[in-house]
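Asker: Swiss-Prot lists 1-20, 746-765, 842-892, 905-934 with the feature region 'Disordered'. Marked as domain 'Toprim' by Swiss-Prot: 18-142. The Mg(2+) binding site annotation in Swiss-Prot covers Glu24, Asp111. Annotated site 'Interaction with DNA' per Swiss-Prot: His48, Arg167, Arg168, Asp171, Tyr176, Trp183, Arg344, Arg547, in sequence order, evidence recorded as sequence analysis. Under the heading domain 'Topo IA-type catalytic', Swiss-Prot lists 157-616. The region 'Interaction with DNA' annotation in Swiss-Prot covers 191-196 and rests on sequence analysis. Here Swiss-Prot flags Tyr342 as active site, O-(5'-phospho-DNA)-tyrosine intermediate, drawing on sequence analysis. Annotation source Swiss-Prot lists compositional bias 'Basic residues' at 911-934.
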Amino acid sequence: MADPKTKGRGSGGNGSGRRLVIVESPTKARKLASYLGSGYIVESSRGHIRDLPRAASDVPAKYKSQPWARLGVNVDADFEPLYIISPEKRSTVSELRGLLKDVDELYLATDGDREGEAIAWHLLETLKPRIPVKRMVFHEITEPAIRAAAEHPRDLDIDLVDAQETRRILDRLYGYEVSPVLWKKVAPKLSAGRVQSVATRIIVARERDRMAFRSAAYWDILAKLDASVSDPDAAPPTFSARLTAVAGRRVATGRDFDSLGTLRKGDEVIVLDEGSATALAAGLDGTQLTVASAEEKPYARRPYPPFMTSTLQQEASRKLRFSAERTMSIAQRLYENGYITYMRTDSTTLSESAINAARTQARQLYGDEYVAPAPRQYTRKVKNAQEAHEAIRPAGETFATPDAVRRELDGPNIDDFRLYELIWQRTVASQMADARGMTLSLRITGMSGHQEVVFSATGRTLTFPGFLKAYVETVDELVGGEADDAERRLPHLTPGQRLDIVELTPDGHATNPPARYTEASLVKALEELGIGRPSTYSSIIKTIQDRGYVHKKGSALVPSWVAFAVTGLLEQHFGRLVDYDFTAAMEDELDEIAAGNERRTNWLNNFYFGGDHGVPDSVARSGGLKKLVGINLEGIDAREVNSIKLFDDTHGRPIYVRVGKNGPYLERLVAGDTGEPTPQRANLSDSITPDELTLQVAEELFATPQQGRTLGLDPETGHEIVAREGRFGPYVTEILPEPAADAAAAAQGVKKRQKAAGPKPRTGSLLRSMDLQTVTLEDALRLLSLPRVVGVDPASGEEITAQNGRYGPYLKRGNDSRSLVTEDQIFTITLDEALKIYAEPKRRGRQSASAPPLRELGTDPASGKPMVIKDGRFGPYVTDGETNASLRKGDDVASITDERAAELLADRRARGPAKRPARKAARKVPAKKAAKRD
């Protein structure tokens, strides 16, 4: 590693007294320039200016013959990396060198984490300045912070640079040694990575659990009870309670069953079926129940710590439906424009000035009683103290309220505002008083025949909201649960009170498979396992999606069959490389390098070549990564790793998913015409998730003719029309006649070229309401007629068409696409209706209707329009295109009926349009000056 203080070998210096400040981005440069004044020139490097070669063509000619050239790391010379200036950054480097000639000092003002320190070091090594170099570090972009950083620079942190370089080299060695194994044994263009492969394994392991899961059924009774019979003033007079015990034995609930549907402790609980639950309810008919006990307890809930990187990603995913990548992109903008502090941090601590700012703001907005009696300090064990900046909070010594910044961040930047508001709420709430309330637990008894039954009800009321005035934590929709401020009121009852039974409902349940990971829950899992670092989570999640290992279904992360094959290969032949504890241990050792407690050369040598000790003990002692790959490569059976056994059919024949070059397919051996075992195959659509591939589904796919089901002839062309199951779902297509060609031409390959250059058959994906086994010729011809010309826009003269795409039905006018609510609209929408859609402002991101509906329902009897269920910011909702109504607790997307959907819409219309809460009259307080913004 070069000495950062090296001078006299590059450009710079003319006695002008000016300073050059280099940052990563133009936005950051403009902001700093506005604060530093004319004595400083602020320019950006636009990210990293050099890196390891990305491809063989990037390797300089003099190194191409070296055995290590493909790695870009000289493994025989202390793992010296080969850095090249990125082609697109050469002009930037030239500009920076030119600016150095007119200044007397260089300030490297890149971010203060590993990555920022590395960028600063690369700038130093590339520019080779002959003038004094200083490292300028700040964690928020406000005028006081920037001026303080310029007045108190520090030296470059070489330990931090070493840590980043070690990670970069490690990831290069891991990726460039293991990825070629995947190319040879699974498929081209795949990649392996130190963290991405483990993240993929976590998701695959969860899907395996779902595939092995067996649901268990159980019943109980939901009772609606009336307390007014013994207390006319009871409030509320009616409430619900659930059956919890019969004849002294606890009634089984979902948590009493394991993942295979077996009772964990069968002798301690009673499992009710529909018949026994119905009989118990009948036995209670005409009786009263009695309050056996009523226990009321106070509770208090402390506020949550301010955000760090991982918790911001999790909560933005849950509350705002942002991906981890989107969250970090918006946070980067907010930071660079001076709205928040640095967004890559493992810390939950606040500075003294930030604590005072939060407490002052809470007092002004909510009153003295809402502020914690003493400042709250949040500490946690930080993996790397050198990266432990302050928590993510609003920038400045006084915080700009959401109302104050709304005007600046509204409109096209509304997502920036929403994330700022979330950060502001969490920060202010962290210094507020506890939320307080009461819980009430009721135990209610009765007799069903000769058996004593026990019902239970639990209520919760909030007596003092405390920090919940500012911030309410949400829950992951796929996991279930209630938000912090959810209340359930019960009447205040005393033992011995009699209760009338209003209604008894035998209630059936089934255990659910473990929920798939969402981006939020995957980030939480990675953090709990100590795998990766919060600053890398968003890029890891993006990578595993870009590589085709994972795709999203709603907000859930679903693994592909390729991910199953890759994970299986790595587990079987490179088990330690995807072991959770091993990967976490590597992270800890890399942090030791950052702290200066470990030499990176020794560590890399043990990992790559082997040794007697070091982080990767099992890898080091087996000869290192290089030997591990060499030994295993030839022994890997490609067919075996690309074969995932599902189950046996009813004849005991194993059914496999095979991962082929054209996608996954099903296969089993059946008796052929000669009696010999013959492979039977079936196309496997990507739309079928692994846990949905049951024996019944497999048999249906095997029964589907692979050449497709013939529907008939197109009366216009005479071409045969068939329906097929494809990789991307069921579709219809036409069979074109073979082009004519004489034998001589065919022998020379002309026929093959004619076919390639000839007309392509028309195809059309089936609508969601269609089924491969029942689709008709008429349906197919309608699909093949798309896109349908709706008409011509009289204003622009452009043609408007209705089409069906990967993300659902949509309109297209030139380059402007607008989503439709239902697939039927493709064939029914009129020009006037289309023009109305185009007259509305185009909505962006989650506000747009680009995502297909979760489910299509029937027609709403009130509006006469089709109803669909869509995925919205606050969860699933039903809409007829005019009225939106959120699904309520107990409503299930898969089973909700047309009648229930219409009921929700009718109820929403009856309540009228949503109204904004009236502003409270605020006490007059002296106005605080917000941080200066340009």
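Note: Cβ is positioned from N, Cα and C throughout, glycine not excepted.
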Asker: Within a 10 Å radius around the Cβ, which one of these recorded sites has the most neighbouring Cβ atoms: Arg344, Arg547?
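Answerer: Going through Arg344, Arg547 one by one, the largest Cβ count within 10 Å is at Arg344.
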Asker: Report, in whole Å, the straight Cα-to-Cα distance of Trp183 (site 'Interaction with DNA') from Asp111 (Mg(2+) binding site).
Answerer: 37
Asker: What is the number of other Cβ atoms found within 10 Å of the Cβ of Arg168 (site 'Interaction with DNA')?
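Answerer: Cβ-Cβ neighbours of Arg168 (site 'Interaction with DNA') within 10 Å number 18.
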Asker: In sequence order, what residues of the same chain, 6+ apart, have a Cβ less than 8 Å from the Cβ of Arg167 (site 'Interaction with DNA')?
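Answerer: The answer is Arg114, Leu590.
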Asker: Which of the listed recorded positions (Tyr176, Trp183, Tyr342) has the least company, meaning the fewest other Cβ atoms within 10 Å of its Cβ?
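Answerer: Fewest other Cβ atoms within 10 Å, among the recorded positions Tyr176, Trp183, Tyr342, is found for Trp183.
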Asker: Out of the recorded positions His48, Asp171, Tyr342, Arg344, Arg547, give me the one sitting nearest to Glu24 (Mg(2+) binding site) by CA distance.
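Answerer: Considering only the listed recorded positions, the nearest one is His48.
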Asker: Taking only the Cα atoms, work out how far Arg168 (site 'Interaction with DNA') lies from Arg547 (site 'Interaction with DNA'), in Å, as a whole number.
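Answerer: With distance taken Cα to Cα, Arg547 (site 'Interaction with DNA') is 20 Å from Arg168 (site 'Interaction with DNA').
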Asker: What number of additional C-beta atoms lies within 10 angstroms of the C-beta atom of Asp111 (Mg(2+) binding site)?
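Answerer: Counting Cβ neighbours of Asp111 (Mg(2+) binding site) within 10 Å gives 25.
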Asker: Where Arg547 (site 'Interaction with DNA') and Trp183 (site 'Interaction with DNA') are concerned, what is their Cα separation in Å, rounded?
Answerer: 13
Asker: For Arg344 (site 'Interaction with DNA'), identify the closest of the recorded sites His48, Asp171, Tyr176, Trp183, judging by Cα separation.
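Answerer: With Cα distances computed to Arg344 (site 'Interaction with DNA'), the winner among His48, Asp171, Tyr176, Trp183 is His48.
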Asker: Please work out the mean pLDDT for the residues of the domain 'Toprim' (18-142).
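Answerer: The answer is 94, the mean pLDDT of the model over that range.
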Asker: Given the recorded positions Glu24, Asp171, which one's Cβ is surrounded by the fewest other Cβ atoms within 10 Å?
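Answerer: If we count Cβ atoms within 10 Å for the recorded positions Glu24, Asp171, the smallest count is at Asp171.
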